[in-house]
Amino acid sequence: MASGKLPYPTRRIKEGKAEIIVPDPDAYRRKDGVYEPAWAPVFYNPKMRFNRDIAILVANAYREMIGQERLVVAEPLTGSGVRAIRYALEADAQVYAADIDPDAVYLARLNVEANGVQERVTVERADANEYLAKLRREGVRLSIIDIDPFGSPAPFLDTAIQSISVRGIIAATATDTAPLSGTHPRALRRRYDVQPARTAWEKEQAVRLLAGYIIRRAASHEYGVRILLAYYADYYVRVYAELWRGASRADDSLSKLGYGVYCPYCGYTGYTDNPRTRCPYCGGTVQIVGPLYTGPLCNQEFMEMLRSTLDKRVGSLAEPKRAVKLFEQLSLECTITKPYYRLDKLCSILHMNMPKPDSMVEALRRKGYKAARTHFDPRGFRTNAPHTEVLNTLIEMQARIAREDDDN
């Protein structure tokens, strides 16, 4: 039934510590039964609960890292207001929220009032870029700007960069993963100004392209960037970028950009400064994408703080087990910056059966190399071993399996 205050069917839901009213998902399902958030009168996506969990953990770890008593957060695309409310309830933040849709503003204000955070969350009707510019003009020092659009964050990044305080965090979500992964090369070129391609590590490609774009836009405003956390989940990319003022910091950040390389003939993955290179292993024509970020996907010190924060807040999260798993995987793979390998792709090139990814990781570790599974793909692994060693290890594993089969 429709709420007495709202002209559409609603449902009350709990997420983290927030209890909010949202459009009833059952009223906005496709013929196949899938809920389509964009069809609802106000946008609320339950599949982004995990995204919001991580945002709360990052905010608390960041507050501890910089020693700030209360964070000031801007969320200029607030929708139902759930993210803003969770920042207030679970990270004790002062939140400035906005949305261009009057229905969203009305619902968000109702939810703010229902959760008793009127003193810490303000909601205005405004265009996202205009709202951030207004906060800058008013001298509001923003600790975090959370950009969570339906699509690309690119149209909002310049204003966000100009509005963030020194050492502030820009948290950006991109749901346009088809362009970022190379499926729609023209859209990728238009939105992110990069040389498009589709590699075998397309999910990591998407993350690194967004991080690289943030670095390039920040550098144009003489900001350097430290990537605190960058990951892929469900159907979106998420990057947390800490900004530092200064031309030298901007130059240092730009030095971490390069081009991603994938060779479909031998499976080589890596980076190059030359966007017209050939495969350094087999000499074949390679797929090249970039510029993109080539550094670690997380800052190890910050990751330790995140894991400590997670231990304290497991009970209040919507998907705590998933957060534990992501942080465990990232802690292992962040020390290896080379793109991940798709084990099934390598085995197809070598015309062999695919071993278990864990077996491949252990075999490389026994040889003294770093190796880890990756959160990007269950068939993926990453390693600092030379490409020749990766192929040789696979061939050796296949030979050993064949001998064991003969013995049996």
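Note: Cβ is positioned from N, Cα and C throughout, glycine not excepted.
Copied over from TrEMBL:
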type    : residues                            : note
BINDING : Arg52, Arg83, Asp99, Asp127, Ala128 : S-adenosyl-L-methionine binding site
BINDING : Cys263, Cys266, Cys279, Cys282      : Zn(2+) binding site
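Feature map: TrEMBL annotations on the structure.
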residue : record                               : contacts (Cβ under 8 Å, 6+ apart)
Arg52   : S-adenosyl-L-methionine binding site : Glu15, Gly16, Val82, Arg83, Arg86, Ala318
Asp99   : S-adenosyl-L-methionine binding site : Pro76, Leu77, Thr78, Gly79, Val105, Ala108, Val123, Arg125, Ala126
Asp127  : S-adenosyl-L-methionine binding site : Ile100
Ala128  : S-adenosyl-L-methionine binding site : Pro76, Leu77, Ala98, Ile100, Ile147, Pro149, Phe156, Thr159
Cys263  : Zn(2+) binding site                  : Thr269, Cys279, Tyr281, Cys282, Gly284, Val286, Gln287
Cys266  : Zn(2+) binding site                  : Cys279, Tyr281, Cys282, Gly284, Ile349, His387, Leu391
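The Cβ of Cys282 has fewer other Cβ atoms within 10 Å than any other of the binding-site residues Cys279, Cys282. Among Arg52, Arg83, Asp99, Asp127, Ala128, the residues given in the record as binding S-adenosyl-L-methionine, the maximal Cα to Cα distance rounds to 22 Å. Summary of the Zn(2+) site environment: with the site residues Cys263, Cys266, Cys279, Cys282 set aside, the chain residues having Cβ atoms within 8 Å of the Cβ mean position are Pro264, Tyr265, Gly267, Tyr268, Pro280, Tyr281, Gly283, Gly284, Val286.
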